[in-house]
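Just below is one structure, and these are the notes that go with it.
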Amino acid sequence: MEQNSRALIDGFNRKIDYLRMSVTDRCDFRCVYCMAEDMQFLPRQQILSLEELFQVAERFVALGTRKIRLTGGEPLVRQGIVDLCGRIAALPGLRELCLTSNGSQLGRLAQPLFDAGVTRLNISLDSLDADRFKQLTRTGDLAQVIAGIDAARQAGFRRTKLNCVVLKGRNDHELVDLVRFAIERELDITFIEEMPLGVISEHERGESFCSSDEVRARLAEQFTLVESTESSMGPARYWRLAEAANTRVGFISPHSHNFCATCNRVRLTVEGRLLLCLGNEHSVDLKHVLRAHPGNPERLEKAIRDSLHLKPYRHHFEVGGDVQILRFMNMTGG
């Protein structure tokens, strides 16, 4: 079949069929694990246009990509995002168009996104305490985010997932409450080990690190966790709750249980660099290809294919010590 002959296969025989695209580096939050408080954002001419983003998505889908996730920054602060979603969702062969959001704009955009063809949402929620939420996000309004979560449910989204970055001494005492919140709303929830991207001064990452094993052990004191073989085509490993049929608990463990052996994804930064690995700087400048050869999908396809030999077998994140990756998560696509 043509699809198989055109599929993207890396040097370790991993099929690449999942693309994460950052549509903006801007965000209305300043989460302490994601960016510096005085973050300087890119000039608009340095980021990909909506048309350029669509051209990359179109080419990846033609090459066998079955899942695309739009990220940021906060993707919903990018003007024209709903129209972009509609165009990407309509690409023949794409099975899932997902979007990761901080939830702040979902009150007004959940229904338009659903109508445009977005299939699933991931929503960040690191605390259920309004003051602590404000401390962790620096600018966020918890009530507004919860209203956005509820708007997503009302719009018709199913299998919506909450994402929580666990920081020891900051929000790790809320784990059970967060799971109960997810159960009440029939949501999935994933607990994430903090990733060492960008130099931050707000906290020491080694001291705040909380492993997925520790999180799971604490949850097991309150819930019956049943390991699941289900997959979302991403890095999360899921467990079912015997007490709640409509909620799964996931763990993303870049430090304690890295997911590199089955990695099926690449990332496009807002500047148009195709990152072959979250934890390495190997990349190819697709913006240059798009602008040097406008309207030439063959040149874009060649650049994508040629990039695959740069994809390493694994990352080498470390809990403590110097930061290995200087770019912040909002530049990479969270």
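Note: Cβ is positioned from N, Cα and C throughout, glycine not excepted.
Per Swiss-Prot, the feature domain 'Radical SAM core' maps to 11-236; the stated evidence is sequence analysis.
In the three-state DSSP scheme, Arg69 (GTP binding site) is classed as strand. Taken from Swiss-Prot, the feature GTP binding site covers Arg20, Arg69, Thr100, Lys161, Arg265, Val266, Arg267, and the record attributes it to sequence analysis.
Per Swiss-Prot, the feature [4Fe-4S] cluster 1 binding site maps to Cys27, Cys31, Cys34; the stated evidence is sequence analysis. Neighbour density for Cys27 ([4Fe-4S] cluster 1 binding site): within 10 A of its CB lie 25 other CB atoms from the protein chains shown.
Met195 (S-adenosyl-L-methionine binding site) has a Cβ environment of 21 other Cβ atoms inside 10 Å. The annotation S-adenosyl-L-methionine binding site is assigned in Swiss-Prot to Tyr33, Gly73, Ser124, Met195 on the grounds of sequence analysis.
DSSP classifies Cys260 ([4Fe-4S] cluster 2 binding site) as helix under the three-state reduction. Annotation comment: Swiss-Prot describes Cys260, Cys263, Cys277 as [4Fe-4S] cluster 2 binding site.
Considering only the binding-site residues Tyr33, Gly73, Met195, Cys277, the residues lying within 10 A of Arg265 (GTP binding site) on a C-alpha to C-alpha basis are Cys277.
In the three-state DSSP reading, Thr100 (GTP binding site) counts as strand. Within 10 Å of Cys27 ([4Fe-4S] cluster 1 binding site), counting CA to CA, the binding-site residues Arg20, Arg69, Gly73, Met195, Cys260, Cys277 contribute Gly73. Val266 (GTP binding site) sits 22 Å from Tyr33 (S-adenosyl-L-methionine binding site), taking the Cα positions as reference. On a Cα basis, Met195 (S-adenosyl-L-methionine binding site) lies 13 Å away from Cys277 ([4Fe-4S] cluster 2 binding site). When the binding-site residues Cys31, Cys260, Cys263, Val266, Cys277 are compared by the number of other CB atoms within 10 angstroms of each CB, Cys260 has the fewest.
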